[in-house]
Amino acid sequence: MTSNGNLEWRVNMGDGTTEILRPEASFMKNIMMRIKNFIWGGLLLKAWKFLEKAWGIANSEPKKAVHGLKVGLALTIVSIFYYMRPLYEGVGGNAMWAIMTVVVTFESTVGATFYKCVNRVIGTSLAGCLGIGVHWIAAESGDKFEPIILGISLFLLASVTTFSRFIPSVKSRFDYGAMIFVLTFCLVSISGYRVEKLFELARTRISTIAIGTSLCIFVSMLFCPIWAGSQLQSLTARNLDKLAHSLDGCVSEYFENDDDTEEMKNNEDEKNNNSKVEGYKCVLNSKASEESMANFARWEPAHGRFGFRHPWKKYLEVGGVMRKSAYCIEALHGCLNSEIQAPNSLKLHLAEPCKALSSSSSEVLKELSIVIKKMKKSTKIDFLVSNMNVAVQELQNAIKSFPSTQMEVSLSEQEEEANNEDHKAATTTIPPLMKLLPLATLVSLLIETTSRIEHVVNAVETLANVANYDSEDEKKKPSSSDNHDHNVAMRVFPEA
């Protein structure tokens, strides 16, 4: 018996020791313990992780949280039509259509909200008027022909409208309206066959939809508006910066990859560098976002620095030439992970001109990003392009002056290493000349990238001229030393 007065069972073992026998927990107690562990270790832990993730999204992208609050505000206001009897009696039980309209048409940007609201009003109005007209013709034809006329009209209009959604011009601007047109015409034509007060039904539904769409536009524009045009402008500027960092990072990493004296970097620094080097992937994957934003921006009214008929298509042209440059940078990034690498002695000969060219090219891209951000023409862009062309000429001169004796020495060193050391079979079978191809590929891709960057410059300048960007102040012009370098560059490249 223990000190607490409870019985305790002991078993004598063969070696002279004793073991305490403890009673097994009851069946109900085991179930309660499992339920407790499930609640505390499962549901509450998952709920806490979900809240942490939601807080992280709201903290990093507050526009999403603002959009949620705006939708809640719009639904609260439109629900007054149900709560207040005078308003409810004015629209009847169809007040629910106003709530449904807010739910399906309220989008995160003003342009997307305008797009859906206008399409819904036009589609509903046209389908309602056409449905009433077809119903009147069918009713005048008699009871025998009424269902036949309604069925034929429904078949023809639904088929033609659905096919029109595949036309690019219709799909980009009126795809949602075409879908609403088919839906509304079906409701009017089918319900009109049994409902007597068809005109009253159409009137109340159109009025409630008008109430819902106008409320969406009102809340979207007045409470923390999020403009699709501004987002397109910011996306284009960010992509230019990412291209600049990727180009600079690829060339720097290639020529520093085999440096034994380089100190080891921290893991966080490596992750940051990798994210900057691989920024070109965002440019390659942004085509759909750019087209969507440009389409929604067309529906937005004049706001801020964006007037009516702003050339949003020119942003798409800039994005297209940017992607062509990103493809070259992607190929440059592939040279980093190539199994066949050029010898360090040959890399060192071209390291400085290649880095100078990548640096000057990235400066051009960064300046173009500033042009789009500030919507002001740059007075330095011609000077930066001239520097880039000078860097191209210096790289070509470095290739022409490539010492043949140094190449022969490096190739003979590779042959001796392959003969004296036990390398892998895949390495020994590679001819020494093949190890020069990655370096030649990188140089050719780098020169091709600069030519494509010039197309980006032309696209941005066209955008600046069409959109009437302001000119920079005279104070921001290059200094006298810069003008001297610019004149030298113009003598080297008179066409620049």
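Glycine residues also receive a Cβ, built from the backbone N, Cα and C atoms like all the rest.
TrEMBL tags one of the stretches 254-280, 470-496 as region 'Disordered', and that stretch is 470-496. Scored on C-beta pairs under 8 angstroms, the neighbour of the transmembrane segment (206-228) with the top count among 95-114, 121-139, 145-164, 176-194 is 95-114. Cβ atoms under 8 Å from those of the transmembrane segment (121-139) belong to residues 145-147, 149-150, 153, 157, 174, 176-185, 187-189, 192-193, 198-199, 202, 205-206, 209-210, 213 of the same chain, restricted to positions at least 6 beyond its ends. Distant neighbours of the transmembrane segment (145-164): 130, 134-135, 137-139, 170, 178, 181-182, 185-186, 189-190, 192-193; these residues of the same chain sit at least 6 beyond its ends, with a Cβ under 8 Å from one of its Cβ atoms.
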